Protein chains: 4
Amino acid sequence: MKEYCGIFGIYNNPNAAYYTYLGLYALQHRGQESAGIAVTDGNRIDYHRDFGLVFSVFNSERLNSLTGHVAIGHNRYSTSGASDSPDNVQPIVVSYKLGQMAIAHNGNLVNAWELREKLEDEGSIFRGTTDSEVIVHLIVKSKKRRFLERLMDALSKLKGAYSLLVMTNKKLIAIRDPWGFRPLCMGELDGSPVFASETCAFDLIGAKYIRDVEPGEVVLIENGEMKSYRIPAFESAKRSQCIFEFVYFARPDSKIFGRSVYEVRKAFGRKLAKEHPVDADVVIPVPDSGVVPSLGYSQESGIPFELGLIRNHYVGRTFIKPQQKMRDIGVKVKLNPVPELLKGKRVVVIDDSIVRGTTSRKIVRMIREAGAKEVHMRISSPPTKWPCYFGIDTPTKDQLIASTHSVDEICRYIEADSLGYLSIEGMIEAAGGSWEDYCTACFDGNYPVDIPETVVRQAKKE
Amino acid sequence: MKEYCGIFGIYNNPNAAYYTYLGLYALQHRGQESAGIAVTDGNRIDYHRDFGLVFSVFNSERLNSLTGHVAIGHNRYSTSGASDSPDNVQPIVVSYKLGQMAIAHNGNLVNAWELREKLEDEGSIFRGTTDSEVIVHLIVKSKKRRFLERLMDALSKLKGAYSLLVMTNKKLIAIRDPWGFRPLCMGELDGSPVFASETCAFDLIGAKYIRDVEPGEVVLIENGEMKSYRIPAFESAKRSQCIFEFVYFARPDSKIFGRSVYEVRKAFGRKLAKEHPVDADVVIPVPDSGVVPSLGYSQESGIPFELGLIRNHYVGRTFIKPQQKMRDIGVKVKLNPVPELLKGKRVVVIDDSIVRGTTSRKIVRMIREAGAKEVHMRISSPPTKWPCYFGIDTPTKDQLIASTHSVDEICRYIEADSLGYLSIEGMIEAAGGSWEDYCTACFDGNYPVDIPETVVRQAKKE
Amino acid sequence: MKEYCGIFGIYNNPNAAYYTYLGLYALQHRGQESAGIAVTDGNRIDYHRDFGLVFSVFNSERLNSLTGHVAIGHNRYSTSGASDSPDNVQPIVVSYKLGQMAIAHNGNLVNAWELREKLEDEGSIFRGTTDSEVIVHLIVKSKKRRFLERLMDALSKLKGAYSLLVMTNKKLIAIRDPWGFRPLCMGELDGSPVFASETCAFDLIGAKYIRDVEPGEVVLIENGEMKSYRIPAFESAKRSQCIFEFVYFARPDSKIFGRSVYEVRKAFGRKLAKEHPVDADVVIPVPDSGVVPSLGYSQESGIPFELGLIRNHYVGRTFIKPQQKMRDIGVKVKLNPVPELLKGKRVVVIDDSIVRGTTSRKIVRMIREAGAKEVHMRISSPPTKWPCYFGIDTPTKDQLIASTHSVDEICRYIEADSLGYLSIEGMIEAAGGSWEDYCTACFDGNYPVDIPETVVRQAKKE
Amino acid sequence: MKEYCGIFGIYNNPNAAYYTYLGLYALQHRGQESAGIAVTDGNRIDYHRDFGLVFSVFNSERLNSLTGHVAIGHNRYSTSGASDSPDNVQPIVVSYKLGQMAIAHNGNLVNAWELREKLEDEGSIFRGTTDSEVIVHLIVKSKKRRFLERLMDALSKLKGAYSLLVMTNKKLIAIRDPWGFRPLCMGELDGSPVFASETCAFDLIGAKYIRDVEPGEVVLIENGEMKSYRIPAFESAKRSQCIFEFVYFARPDSKIFGRSVYEVRKAFGRKLAKEHPVDADVVIPVPDSGVVPSLGYSQESGIPFELGLIRNHYVGRTFIKPQQKMRDIGVKVKLNPVPELLKGKRVVVIDDSIVRGTTSRKIVRMIREAGAKEVHMRISSPPTKWPCYFGIDTPTKDQLIASTHSVDEICRYIEADSLGYLSIEGMIEAAGGSWEDYCTACFDGNYPVDIPETVVRQAKKE
Ligand SMILES: Nc1ncnc2c1ncn2[C@@H]1O[C@H](COP(=O)(O)OP(=O)(O)O)[C@@H](O)[C@H]1O
Ligand SMILES: Nc1ncnc2c1ncn2[C@@H]1O[C@H](COP(=O)(O)OP(=O)(O)O)[C@@H](O)[C@H]1O
Ligand SMILES: Nc1ncnc2c1ncn2[C@@H]1O[C@H](COP(=O)(O)OP(=O)(O)O)[C@@H](O)[C@H]1O
Ligand SMILES: Nc1ncnc2c1ncn2[C@@H]1O[C@H](COP(=O)(O)OP(=O)(O)O)[C@@H](O)[C@H]1O
Ligand code: SF4
Ligand code: SF4
Ligand code: SF4
Ligand code: SF4
Ligand SMILES: [Mg+2]
Ligand SMILES: [Mg+2]
Ligand SMILES: [Mg+2]
Ligand SMILES: [Mg+2]
């Protein structure tokens, strides 16, 4: 049910589908399970979508067949390896009373099941299991007459995270939930408005970043005109941009929430160095997410930075595991130490977060086996103690080691000589903001939206 | 929009999915574009479906993962080579107020668009373009409380051809439209009720044929009990079983509409020999559809039967066409004459029908080039003058040569020495029935259901 | 090691590769495991080959890239389901002292291992396991200077069956072994010489059949001129054309060994009716190999012919077998009876041969279960008692039921009411020839070439 | 004809094939076009190989079928995108006089064509176009009796680069050419000898690095015993280990030629900083090859290191190019700048080498467009002026910009504010060796082996 995704949209461009392809390619890190593009020529929405990476889902024949001037695209991440239904692949394209509509959704609604039940009670039919179908049904079911009213009506019922692109044969609409959980950027390419989860998509196509779609904003483009509206019901919603996007998810060359991911991530590392200094000989990252904070830590502490762990570029899903009688190759499939850098050294190793602790433990051991004298683990975010219900895949509370163990205990478990987490205050400060700006629920349990009991239970069962 | 299909269902069998696989395999001739199986264990409907032949859509891993005691399956035929939406692949599986439901549909509704518009007006959302989605929505939208009532309510609105299998987590329901256009047979395997479009599916799994689902009948199985109901609205609907199933579509080793396809098809040939005798040396079929009527013609006329045209077993969609400058290889990709059988002979060649006339013309020429002295074409059905709106793919009226040309003109066009069609009366008599039993609309224009103007226009545009 | 194959070659035609593609397509029944085409433009041999049917190995891009005026092609049959080495896929293309050479081979050498050992002793290196590599090495190793002399030198060492097409950058050579085991036909297309295993390949491309390449003949085309030579060593070799090609292997619309397969096969049926008449109501074939002899039996005996067993067109390798606890579906995957034709009838059922007897037994049972009163099996060839070492896949002696059981015992084993085989004399007579013309070794053990002990032992082990 | 490759071998281990799979996986960066494993159980060599990455060529079924205690594997890099012949995929497995032999080869022979011609003159037949086939033929053609003698005989004829693994049913042999161009390391896993192109393969399987196979050494393992021999003919060959392996090709976490690639690469960067200092604000690498030298440059110069260019992880061959009318997206498909790091800065950007100069020019422009005030390009190797004939793919002389332009001219061409290359002396010193140790021919034209005129000409034509 969790939905990490990358979304992209473009209005009024003769190469709409191709630019969407490029945009999705730049956003591939946000979702590798499926990809899709829907395009309209003003009369008919056409689409292609399938499981796989962007470049395997599309070939030039397929892409060229998607003619039209407006397009939206979607990359999807699967939280489990389990095979998923083709009915869940986005963009969803439907036909209803007012014509055709396509939708691409990044986020996770906390009241999706509740809404779904109500909708089913009123006669709605669902084919897949994604939240996105709920949104479509709400729009269609609305008693309002005009499309925009229907849309507003629908949005006013949604609780949780959603960055949305909606396309009809005449309109392109970009929407961000009132809390602003997920990023959504607006840009411009040769006069065409473009939208993307992260600005790295704009860079690839040569578009200019204009501004973010604001939390609670509905940007509607029609007849070449752009208008901005606000989702009515939640005027007082606390701005709650997902700080974890900075920590881990977004690409460092992107700008999200108006800030450079790279700069924020490096500031995390600097702050971490101040909060948890240590006498050491070398700072090494767990690549790739640890690289940028490591640079910050190194610069702040003056301890030299080295690439002490090299990541295999060819890690893939289809790796054949060793049989049980053979020794476990564990994390080595992905990472290999450079012993010359580590032998006899006091090593600071930096990762973005610790979830279950098992990987960190393997990494610490690997560094020690490569000859390190001391291994000091530093984490560029606070202890992850609470599950996320807003679209980032985290396990349930009892599986989060920080939820059940003290920092000391974790340190012992992962067999490090010391362990230091960034503080929440430090993180927020480094992110250049205030408590007013960010969601930090996975660190402090302050969920900006009430989480229904059923959702909590549901998450546990999965 | 046209839907040729094969459907299969089984209730209460530990190998439900595997038997459905076998059933679809036996019914492969009814649809080669996509295949799917949905199965329930009483709590949850699981399914797998994809484009391709049954044996390429399923492998043993996939099949084994479909555990449950009740299953339905579907083979689909695409009338165009055009790539189709995955949203149209069946069985359709949906979730709604009362739970999950899967549906497999063979046939074509004449009021689908009308119903669809009404449904969309009332807030229904469509993902694909098949009629089958309309049925699902009607069931869900019904104001009735119990499932059976809802179903009856929905069925009472449908006009046109439908043989349906509907599965919920507790029920399996087999339905045939009030006219009985498409076949649907009921059988039994070790106490398990089974349903299939044709009995050849029963033969493969070793099931016993019990009887047909009657036109207008709803057979509902629940808690191990089978009950029969009638679709209320159409008590007086004229029984209109598609006689063309006998002529061409069904497998000769099947029983449909209570009769052996082989016997009926041979009777067509015998009758044809009586209606259009000719002095000749040899009777040859256009394989495979012409084989059985040729045997009838040969036995009645005493003219020896030979396999004068050999069909290549490996004909496939991916054949690379010759370039324009090369000579046309036409029908030879599929058929090759045996000149020794034809040289200097007066040949009767028998096919099931003539659509545009171009293939028949090529066949006549090929036989003549192989040395035949005379070529007499005989057709085991009457001239095809009207399009079918009940699920058999025929071109529009103006493309049907018999609609715009007399038999004499057709004979000249295909360059035959003589041409004889089976009469409508002869066909019905040979099918062992009366006007009361069969649809013959493609031959005489007497559509048993009124065809809305929009449908006629629509068909023309396609 | 067994090599059933189809081969095709064309000289001096601008569409050489495409015609070869068509030729292989028409010869697909002679080999479904792999396909390949080699083409030369006079300077360089290019090729493409892979596992799979002709139409899946080639797409238009691949085919268009094979430019040149001379081409040879090869279809290969695998005797086992076992996965085979790509090094065995033909045509084999090599580079050696005199330049490049491509070779396509149909047949089986009885002294291949012996020659191979000698060649290895002299320093030859083998990559695959096919006989065809032996031929290439012999040509290359020959001490003779000119290509033709080398070739003759090589051929004079070969014992066994080979129809060969050899292509260099300048020459196309067609060769048939001195015994003439396998067919090889010569034709002409718009002035271009063409060669094919069977004439059905000529029919598809519109080429004219000229004559057979004679046993022991070497037809060499160079500079547009065709010359004929004889393989020197075996002047007195007994002509031994494989009569089993008529019985089973060749397509009925082909001409091989100068005769129509259809006519010969029907004559087998007629003769069978004379040798083994029976009072019966209906004659049915085991399709497809039994169809033509059944027509002969029916015409001779006056007992009506019917298609009492219908063959599923979609039989494929990937069929998922039922699990052991389920009932065996045996031969039903392939064949289904038409009970209406069999009920209460005395049935004559005709097949081309009986190998182990297990299939025949299942067929007899199936016919009886469909209601037949009596089942009389008739076989359109003599009892298969000896293995073939000349390229037709037969099991070892001890697995051939006719080798260890009398006709009466076989009749009882297959549970037939009577069983009749065609006599050797009858078969030869029906094939329109004399003992001088045909190999009949699998029926009488008179191998026209001595079979080395090692080959016999080898065959047993496999 | 160029052959970059990764090779791996293991002796006497029950999981030989699986460890070889892992080894190839760790060596994937040395060749992505094809992969193969050959294994022997002492009696028979079995193998599987195909085009594709290691994890797509092998699945667990395939891997499990490769049973045996000795195995060798090969990854191959294709220098052109052109489709290549399956006859070239390694390991090559052949059968000859003394039995079976498998061979995996990394390197490029300069006298391959010469040897091939001679071999063809003597009757050898070649199926593919790789040098490796030449080696096999030389072994087989040798007049010597014992295998080792034959091998030595063959090796004494080879000129150029080869690291070889040869496997027979009883032996595993690891060989490095007398100059030692390509790396080949020896290790040990639970008592089993293992060999690999780079030590990163040992790390993944948990093997211990023992030492390098020495230039000119033949390590033969048989009956569990390891013996070392020297290739006789070239006692005086100058040790010429490819220094470019350090610059670019090897993985930084590997040890080759007895040294840590990471340390050498970093020393290149330090030396470069000394030789070409510059007043600047930030040092950024062109990832990935520029990362480690950048760290050296940064540490030496004190200018902070940043990841100013982010590399897209999903770059693949199948990327659909924009159509001509659209603006060129050039190097952006692969790299994206982080403008916040570059704006208003004086930037040092470090890459490993400049070949044609076009990519460097695009990178400089991209950095400038991202706001850099100055762009100083530094290259961690000397100007590449000469083609490599020893297995590294470089274009011909006239395409190498440094061959035809001065450093100043190149600087202007790539639009940099300054350009500095590492000196040859600096490079050798940083590599911790002397002129006695390394090949530097691509930088100074001093080829350690005479390059035949034909090879030079051939390279030009390709
Ligand atoms: N080319 C890159 N260079 C540096 N960081 C990257 C790059 N691409 C992605 N990233 C960052 O790395 C994150 C992925 O972290 P990584 O540690 O590689 O994943 P995981 O720990 O899940 O295997 C991305 O979401 C992004 O923030
Ligand atoms: N094995 C078979 N033997 C004889 N007839 C068959 C067989 N399988 C299918 N048929 C009949 O042939 C029909 C297909 O006719 P055919 O002439 O082969 O198709 P088309 O003319 O469309 O190419 C089937 O629908 C069925 O009635
Ligand atoms: N289209 C055809 N019609 C009739 N006979 C055919 C046709 N194609 C092939 N044959 C004949 O049938 C033979 C194959 O016999 P069949 O009984 O189908 O195979 P098997 O018994 O091995 O399954 C072919 O080699 C050929 O002689
Ligand atoms: N995970 C890694 N981290 C750092 N460097 C790597 C890594 N993997 C490979 N390398 C180095 O990068 C080289 C490839 O350089 P790169 O610049 O990525 O290629 P190219 O310039 O050809 O696109 C490898 O041969 C190796 O030396
Ligand atoms: S709970 Fe954590 S991961 Fe989820 S939105 Fe809030 S900050 Fe982001
Ligand atoms: S119109 Fe013809 S094809 Fe259609 S249902 Fe009636 S009889 Fe059948
Ligand atoms: S032994 Fe039989 S199958 Fe073999 S060549 Fe002779 S006749 Fe043909
Ligand atoms: S020429 Fe250059 S790339 Fe080639 S081996 Fe020598 S140093 Fe290495
Ligand atoms: Mg990480
Ligand atoms: Mg037909
Ligand atoms: Mg047969
Ligand atoms: Mg690089």
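Positions of Cβ are set from backbone N, Cα and C atoms, glycine also.
Noted in TrEMBL for the protein shown:
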{"type": "ACT_SITE", "residues": "B:C5", "note": "active site, nucleophile"}
{"type": "DOMAIN", "residues": "B:5-224", "note": "domain 'Glutamine amidotransferase type-2'"}
{"type": "BINDING", "residues": "B:C242, B:C388, B:C439, B:C442", "note": "[4Fe-4S] cluster binding site"}
{"type": "BINDING", "residues": "B:S289, B:D351, B:D352", "note": "Mg(2+) binding site"}
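Excluding B:C242, B:C388, B:C439, B:C442, which define the [4Fe-4S] cluster site, the same chain contributes B:F181, B:I243, B:F244, B:F390, B:I392, B:T440, B:A441 within 8 Å (Cβ to the Cβ centroid), listed in sequence order.
Its own atom aside, the Cβ of B:C439 ([4Fe-4S] cluster binding site) has 26 Cβ atoms within 10 angstroms in the protein chains shown.
It is B:C442 that, of the binding-site residues B:C388, B:C442, has its Cβ surrounded by the most other Cβ atoms within 10 Å.
For the binding-site residues listed here (B:D351, B:D352), the lowest count of other CB atoms within 10 A around the CB belongs to B:D351. A distance of 19 Å separates the Cα atom of B:C388 ([4Fe-4S] cluster binding site) from that of B:D351 (Mg(2+) binding site). Taking the centroid of the Cβ atoms of B:S289, B:D351, B:D352 as the Mg(2+) site, the other same-chain residues with Cβ within 8 Å of it are B:V247, B:Y248, B:P285, B:V286, B:G290, B:P293, B:I350, B:S353, B:I379, B:S380. Between B:C5 (active site, nucleophile) and B:C242 ([4Fe-4S] cluster binding site), the C-alpha separation comes to 14 Å.
Per-residue pLDDT, averaged across the domain 'Glutamine amidotransferase type-2' (B:5-224), gives 93. B:D352 (Mg(2+) binding site) falls outside any helix or strand according to DSSP and counts as coil.
Sequence-distant contacts (6 or more apart, same chain, Cβ under 8 Å) of B:S289 (Mg(2+) binding site) comprise B:V247, B:Y248, B:D351, B:D352. When the recorded positions B:C5, B:C242, B:S289, B:D351, B:C442 are checked against ligand 2, B:S289 have a Cβ within less than 6 Å of one of its atoms. Long-range Cβ contacts of B:C242 ([4Fe-4S] cluster binding site) within its own chain (separation 6+, distance under 8 Å): B:A161, B:F181, B:R182, B:F249, B:F390, B:G391, B:I392, B:Y438, B:C439. Its Cβ placed at the centre, B:C5 (active site, nucleophile) has 25 other Cβ atoms within 10 Å.
In this structure, the recorded positions that sit close to ligand 10, with a C-beta under 6 angstroms from any of its atoms, are B:S289, chosen from B:C5, B:C242, B:S289, B:C388, B:C439, B:C442. B:C242 ([4Fe-4S] cluster binding site) falls within a strand segment according to DSSP.
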